[in-house]
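In what follows, a single structure is set out as structure tokens and then discussed.
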Amino acid sequence: MEEGARSCLLQSRSSLEQDIRASYLMDHMISDGVLTGDEEDRIRSKPTRREQAVALLELLLRKDNQAYISFYNALVRESYGDLASLLHNSLPLVSPEAEKSFSDGGTRYVQAVLSEGGVPQRPVVFVSRPALMNRVREKLYRLQKEPGWVTVFGMAGSGKSVLAAEAVRDHALITECFPGGVHWLSIGQLDRSDLLVRIQSLCFRLEQQSQEKDPSSSLHRPPGSLEEAKERLRFLMLRRYPRSLLILDDIWDSSVLKAFDIQCRVLLTTRDRSLADCVSGPKSEVAVESGLEEGQALEILALYVNRKPQRLPEQARSIVRECKGSPLVVSLIGALLREFPDRWAYYLHTLQQKKFKRIRKSSSYDYDALDQAMAASIQVLSEEHRELYIDLTVLEKDVKVPAKVLSVLWDLEPEEVEDVLQDFVNKSLLFRDCHHRPYLYYLHDLQLDFLAEMNRSGLESLHTKVVRQYQQRYSKGPPTSGDEECLYWFRFLTYHMAKANLTQELYSLMFSLDWVRTKAQIMGPAHLINDYLEYSTILDKEEFSVPLQLALSQPDSSEVYRQALLQAQERATRGGLYLDWVNKSSLKSLSRLVVQPHQGSIYSACFSHDGTKIASCGSSKTLRVFKSTSGEKLLEIQAHDDEVLCCAFSLDDHLLATCSSDRKVKVWNVERGTLMRMFEDEHEEQVNHCQFTNTRRRLLLATCSNDKFMNTKNTMFGHLEPVNHCCFSPDDAYLSTSSSDGTLKLWEVSSANEWKSIDVADMFPEQREQTEVMVKCSTWSAGGRTIICAARNAVFVFDVETAAMLLEIRTSRLSTVQYCHACPSSNLVAIALSHYAVELWDIETSKKMADCSGHLSWVHGVQFSPDGSLLLSCSDDQTVRVSVCVCICASAVCLSIICPICLHQLTLLVRNGRTGAVMFQSENQESRIRCTAICSQTSAVGLGREDGTIQVLEVPSGTSLATLQGHTRTVLHCQFTPEGHTLITSSEDTTIRVWRWRTGECVVLEGHKEQVRCFSLLTTTPSSETHLLSWSFDGTIKVWDMSSGERLQDLVCHQGAVLACDVSPDGQLFATTSADKTAKVWSSASWECVRLLNGHQDCVRSCRFSWDGRRLATGDDNGEIRICSRDNKDAMDSLHGGWVTDLHFSPDNTVLLSTGGYIKWWNVEKGEALQTFYPTGANLKRIHVSPDFSTFVTIDNIGILYILKKVE
């Protein structure tokens, strides 16, 4: 704004503040485009009319000529003629050229002030960074009333000097805050004598300018010492240039900075954030990001080569990505390209090959080449710290490490390591991720590339040092804590061994049982397999082979699989047992979609309410929207200036909210990708979470932050520590908030009052005094009656009305819960874990329904689709996964498999038992399918439903052959008799029904008092009549005549529920197992118990006779398998791990198969495990075995079908 117009505003200010109504004027100014919606909101937020007028005029004084004219016109339109007349004579004349100079602060006055002060001119090639520049100006405005320090810090070449010069290129800033002028002094790396020369030069310049303004003042002799120079400068800055700004560019040393501690206003640029700690006075700082946004970097390259950004070659984007937008690198290469415009590929290759010396000076930067700029930062370190920094050469790109890892590497105490790392961070040699506790540290790609180039000849020895230090620290076995340090070693120890060329030690590690077992337990099999694949070429050189069973699970097209199959076939001839997963392509159906939308960690992903779109955000600072079916990108926005921590759709899917570490909340138009609203003053710290309301009554957006309060329409105070998460109830009546203070709070949305507070920290009494309990998040059940929250390694379910805890779910002690989300259509809750997995739990039954792996790093978020059929997860591994939620009931006869699919189990699939190919798929049923059976004599399948109905369908036509009704509750089991004319069913209604299914005739077997989960056909001799043996949770066994329905025997077998029963092959014996921890063997002739089997320490869940009837195997919930023989001797006592749900003997009785969380084959005589197969899911309930014991069929609880064939 011109000086005349500005002076007129200041002179008329009191009259204007007294009379104007700002709300009337702002509508006109918004229409003219000189005022934004956010600025209007800030002014309207003032409580009184006068305060609103004051705020409007303060804002107006910072704007340009056009704003003055718009304000004048608004006064005229709103009948403030007398006030408009005060401004009329000072109306500026605006031309396009003049307006351009005003808009960038380049007025003649500004140019004169900066030129006199020695401030560098704007570079010939310049791209604005408005967000950063405004942040610096905001800090400079704090120096208006008192002296102080503003530190602009960042790594080498991040654009600090240009930013500092640009920040003061503002008329309003200079006139309001620094009317005494702006004085620039370039420092660099100076010794004491050089520093004296610089200050002498500055003092002479200031005295000379003072004499020009006041001829009576005289020039003094140059100060002879540093102390004298400091005092001379103090006098000049306080007496002759009060309220001036001193800019110290490129400060390296605190001793240098102390020379300017003279109680004046200072802006300094540095690579060392901590330098200002040595001086007195108020301090503030601005961190300069290490890289430009891609669009800004491309614009710089385009200006250098005189092209439009969209016409740059593809190598331009690759150059920007390779250097991660470093302003220095982009400028250096751009200047070189101006001279040699055809060398795009050459300079890209130079950058990729880390030949930094070839990227040489062609600008005004202080260093001749890129490598010199990088080396300068390292040279200022002490010799001891320089050696430690060089050790960081071994880190991988984009990998963040905790201090504990470096404590092992450097053999220092963790506290010492943190002090060293803090020094590196302060000097912009290292970056710190503050979103994790403990902190994680990482290097910029350029820094890593420079270190790798500088230490190329010593890389092998540096990696060897890592391995040796690890071996020294963990000589007794690998770490098992499950924390970040433990995870680092399991992920990267093999990498360090390979880089160190320690092939023999790599082989020993990868085939160490302790290492394999612990890594599989902590990280899952995916990482383990990846190691064997990645280092297979190294191992092959030593004639080593990968573990065959893991390799046999690889795709059939892979070389790893082909080689493993050949080796397995050869070993099978020598008695080895290996299983080939012949339908492994079915695994593809588990993850319906896997996309990598961002470069960097993904912190949040969410479905749109119509389920067609997914939004994601993370450390890349971008927001991306893509189709949920195909992953096709619909929208990509550079959303924030720092990491984007959360994103959320509005109910109508027209809006998307994002929140960030930059303390801002933004609302975007989804269709156009435009910014609709920005909230930047509501929070003082990073904003952790945001969510829109769930109903159409009114649109509210809730946000929460590290500043300990939460915003909707009103601000809600109450938490004592950062608020990590907020969530509306399904009806929007309440809002839940989760905090690091260990509490979960419920608020009334209408009044913004606290309704309930639940102290979750009380659930950890043994740990509360030692460490804080952080409540990570909360989620409401579908009906809103319960609230679920996550803290540490646990999930708690509370009753909303009473705040009573209903359920506690404890996950692995080696992991922490990162997020949880309740399914909107069922009792499932999804839990995201730090050990790279997602677990699905049923909160009604308190059972884990699935254990999903697939991610290769921490899982930060999970969300069900609105209909509950899909599950979304996002991770540090830079992927978003969309998985089909599948609950499985399976039954099979011979090798045909029936499996209802989809969440509600409404569809029946019949697959070929040898190939897994789909033979038949039914239409959706009216009720959930709970059991199935195949008729071996006809092409018919039977299915039992939750509503008590039984249907018989013809395969493959799908024609309904019979609909049988009679059961009043869920049908739990169904089975055809061998001749196929009869279908037997059992139900939760405690009855068994024997159907002549073609005619609908039915015999009802009544007598059990609890649900009948299963039954078996009992034939004591080949010529005798077949009876029915049933068992129930009521602890009884009953024998029935199927023709008449007569109950032949009624045995009270156990004190607890009968869980399993098996009939010996000759029909003379049957065995029962129970929740009372016992198993019993019964005679079919006398109906008496002939043997009581004690010894199990938990519920005995399964049993099976050997084919010769001489042995009985039993398995319990503690994972123990016991085999007893007819001579009363225990033949085997082994641990399976987890519940033992099914058992099968081989036809020759030498091998026993057991299932539970995985499948194991045992040598019966020795009790040794012959082989183990790990499914992707968990909780295998049954397995179906071919008569020749060569094919095995099962389904895990996330819906993956396994057809395993013995390798021969």
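Yeah, the Cβs are placed from backbone N, Cα and C, and that goes for glycine too.
Any TrEMBL annotation is an automated prediction that lacks curation.
The annotation domain 'CARD' is assigned in TrEMBL to 1-90. Mean model confidence of the domain 'CARD' (1-90) amounts to 79 (pLDDT, 0 to 100 scale).
Within the chain, the repeat 'WD' (637-678) has long-range Cβ neighbours (under 8 A, six or more residues past its boundaries) at 37-38, 131-132, 289, 293-295, 435, 603-610, 613, 615-625, 684-696, 699, 701, 703, 705. Feature annotation from TrEMBL assigns repeat 'WD' to 637-678 (among others).
The repeat 'WD' annotation in TrEMBL covers 716-757 (among others). Listed by sequence, the residues of this chain that lie at least six past the ends of the repeat 'WD' (716-757) yet keep a Cβ under 8 A from its Cβ atoms are 685, 688-695, 697, 700, 702-710, 768, 772-780, 782-784, 787, 789-791, 798, 800, 803.
The repeat 'WD' annotation in TrEMBL covers 852-882 (among others).
With a cut-off of 8 Å between Cβ atoms, the residues of this chain six or more beyond the repeat 'WD' (964-1005) that come close are 891, 893, 930-938, 940, 942-952, 1011-1015, 1017, 1026, 1028, 1030, 1032, 1038, 1040, 1042-1045, 1047. Marked as repeat 'WD' by TrEMBL: 964-1005 (among others).
The annotation repeat 'WD' is assigned in TrEMBL to 1005-1050 (among others).
Only residues 6 or more beyond the boundaries of the repeat 'WD' (1051-1092), in the same chain, are considered here, and those with a CB under 8 A from a CB of the stretch are 1010, 1014, 1016-1021, 1029, 1031-1039, 1098-1105, 1107-1109, 1112, 1114, 1116, 1124, 1128. The feature repeat 'WD' is assigned by TrEMBL to 1051-1092 (among others).
Here TrEMBL flags 1093-1123 (among others) as repeat 'WD'.
The repeat 'WD' (852-882): residue composition by secondary structure is 0 helix, 16 strand, 15 coil, according to DSSP.
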